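In what follows, a structure is listed as structure tokens, so that the remarks can point back to it.
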Amino acid sequence: MESISMMGSPKSLETFLPNGINGIKDARQVTVGVIGSGDFAKSLTIRLIRCGYHVVIGSRNPKFASEFFPHVVDVTHHEDALTKTNIIFVAIHREHYTSLWDLRHLLVGKILIDVSNNMRVNQYPESNAEYLASLFPDSLIVKGFNVISAWALQLGPKDASRQVYICSNNIQARQQVIELARQLNFIPVDLGSLSSAKEIENLPLRLFTLWRGPVVVAISLATFFFLYSFVRDVIHPYARNQQSDFYKIPIEIVNKTLPIVAITLLSLVYLAGLLAAAYQLYYGTKYRRFPPWLDTWLQCRKQLGLLSFFFAVVHVAYSLCLPMRRSERYLFLNMAYQQVHANIENAWNEEEVWRIEMYISFGIMSLGLLSLLAVTSIPSVSNALNWREFSFIQSTLGYVALLITTFHVLIYGWKRAFAEEYYRFYTPPNFVLALVLPSIVILGKMILLLPCISRKLKRIKKGWEKSQFLDEGMGGAVPHLSPERVTVM
């Protein structure tokens with residue numbers, strides 16, 4: 001929500017919100033209280049002073065605490081601090097809330113901003129802010145600023161996330177704290193009533209929630225394909241010819257694993273969308289919820305795509321290092337000696353030359369498109385695009401990237417997919433396995449692009465239902481569907 005500032009006259013120092021509520025006045029005339037003298041309280045005080053506020057600190061030991069604050073800060077006892085301001089940051093832990101119980105008569109009608117966090121997710125039945133509200137029912141409790149670290153407060157919002165989540169049961173208090181966040185150069189996000197406080201308190205405690213599944217999938221795929229390549233390229237020569245190729249493990253085997261994992265993860269990104277489309281076509285509606293596993297899969301597509309990009313970049317780095325290996329130099333010298341010994345003047349192979357040229361070219365194009373997909377997934381970049389632009393890049397160009405990557409693998413395999421010597425231990429080559437999932441995804445996309453299917457899918461996305469068509473044909477009424485059941489693809 002934007003505020004309207006009276007900047008026409010130097011005497012107009014008040015800020016008015018669109019709903020007519022008086023916002024915070026000029027920062028130089030506002031005193032803000034902070035209860036607590038810890039690291040967060042110190043950083044918050046410095047931030048408030050830089051933005052022109054006068055700060056009063058309430059501490060149990062003001063004489064000792066004053067040594068850690070600037071001299072312009074008024075460090076005093078809790079009781080004295082509470083009488084000097086109407087906006088108070090409660091920068092103490094939950095277990096110390098009761099220390100303010102005897103001073104509750106001084107907190108009547110005042111705004112208490114709870115900035116505390118817990119040690120683990122859902123540690124208590126109710127949020128800290130709701131617990132604070134139960135202790136001081138006559139105060140206006142606001143939850144906010146808990147997602148900002150003390151380090152970010154000191155450095156300023158340019159070096160950290162600028163979003164601050166704020167909620168309160170009192171609209172007027174919430175709007176004042178929102179305006180305060182704007183004055184501190186943060187971006188406030190209004191989450192409504194105090195019932196959202198528990199979700200806000202859980203946000204800083206979550207560790208890559210959406211990344212766990214994709215990372216497990218990536219590690220599992222990497223482990224499987226690494227062992228698969230190890231058995232085929234190291235164990236097989238040793239078992240058959242007593243040839244020791246264990247030197248290939250650090251570079252060559254790893255480099256064979258990386259591209260397979262990259263293209264498989266990229267295929268999983270778009271396979272989820274195909275399954276979702278097939279699900280909607282099967283049931284003839286978009287109002288039926290996806291199964292939990294598919295819903296989770298759809299939410300993790302960004303993480304799968306970024307992991308695919310990571311494996312592709314590492315694959316390029318490994319490939320560039322291949323000629324630098326000592327083993328590669330020895331192999332090159334051996335090939336040169338054998339050519340001289342066989343009296344071969346020209347070893348030019350037109351087919352191999354074209355194959356490698358196209359192979360590298362398609363690889364570069366694939367990496368370029370993956371880089372574009374990765375860059376547009378950055379929030380600041382995606383926010384600058386409208387929905388059609390973002391969808392075109394992530395969907396249309398994404399499928400183009402998958403198609404070019406598939407060509408890259410096909411050209412790498414070339415005729416070797418039909419050569420018997422490449423089926424060691426009766427297992428197909430690595431590149432054959434890498435082509436299975438991308439081929440399924442590309443074939444599935446081609447089926448969805450057929451006019452008879454794409455038209456039906458577009459109608460479903462616009463709200464058409466199979467049951468509605470049947471009911472209309474029979475002259476029946478369509479039952480009302482709650483908007484809560486709507487699942488957008």
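Every residue, even glycine, has its Cβ placed from backbone N, Cα and C.
Per Swiss-Prot, the feature NADP(+) binding site maps to 37-40, 59-60, 92-99, Asn117, Ala150; the stated evidence is similarity to another entry. A 10 Å cutoff on Cβ-Cβ distances gives Asp39 (NADP(+) binding site) a total of 15 other Cβ atoms nearby, all chains included. A helical conformation is recorded for Asp39 (NADP(+) binding site) in the three-state DSSP classification.
Look at Trp151 (FAD binding site): DSSP puts it in a helix. Look at Swiss-Prot and you will find Trp151, Asp159, Gln280, Arg301, Ser377, Gln394 tagged as FAD binding site, backed by similarity to another entry.
The transmembrane segment annotation in Swiss-Prot covers 207-227 (among others) and rests on sequence analysis.
Taken residue by residue with DSSP, Tyr318 (Fe(3+) binding site) is part of a helix. According to Swiss-Prot, the feature Fe(3+) binding site maps to Tyr228, Tyr318.
The domain 'Ferric oxidoreductase' annotation in Swiss-Prot covers 258-406.
If you look up Swiss-Prot, you'll see 258-278 (among others) marked as transmembrane segment.
Summarising the annotation, Swiss-Prot assigns transmembrane segment to 304-324 (among others).
For His408 (heme b binding site), the number of other Cβ atoms no farther than 10 Å from its own Cβ, over all displayed protein chains, is 23. Under DSSP, His408 (heme b binding site) is assigned to a helix (H, G or I) in the three-state scheme. The feature heme b binding site is assigned by Swiss-Prot to His315, His408, with similarity to another entry given as support.
Per Swiss-Prot, transmembrane segment is recorded for 358-378 (among others).
Sequence annotations record features per position, and here Swiss-Prot assigns transmembrane segment to 392-412 (among others) based on sequence analysis. Listed by sequence, the residues of this chain that lie at least six past the ends of the transmembrane segment (392-412) yet keep a Cβ under 8 A from its Cβ atoms are 259, 262-263, 266-267, 269-270, 273, 305, 355, 358-359, 362-363, 365-366, 369-370, 372-373, 376-377, 385, 431, 434-435, 438-439, 441-442, 445.
Taken from Swiss-Prot, the feature transmembrane segment covers 431-451 (among others), and the record attributes it to sequence analysis.
Look at Swiss-Prot and you will find Ser482 tagged as phosphoserine, backed by a large-scale study or a structure entry.
A straight line from the CA of Ser377 (FAD binding site) to the CA of His408 (heme b binding site) spans 24 Å. The stretch from 304-324, 358-378, 431-451 with the most CB pairs below 8 A to the transmembrane segment (207-227) is 304-324.
Comparing Cβ neighbour counts within 10 Å across the binding-site residues Ser37, Asn117, Gln394, the minimum falls on Asn117. Shown are the binding-site residues His96, Arg301, His315; of these, the residue with the fewest other Cβ atoms within 10 Å is His96. The predicted model assigns the domain 'Ferric oxidoreductase' (258-406) a mean pLDDT of 93. Of the listed binding-site residues, namely Trp151, Tyr228, Tyr318, the sparsest Cβ surroundings within 10 Å are found at Trp151. Counting in whole angstrom, Tyr228 (Fe(3+) binding site) lies 17 from His315 (heme b binding site) by their C-alpha atoms.
Within the set of binding-site residues Ser37, Asp39, Ser59, His96, Thr98, the entry lying nearest in space to Gln394 (FAD binding site) is Asp39 (CA atoms).
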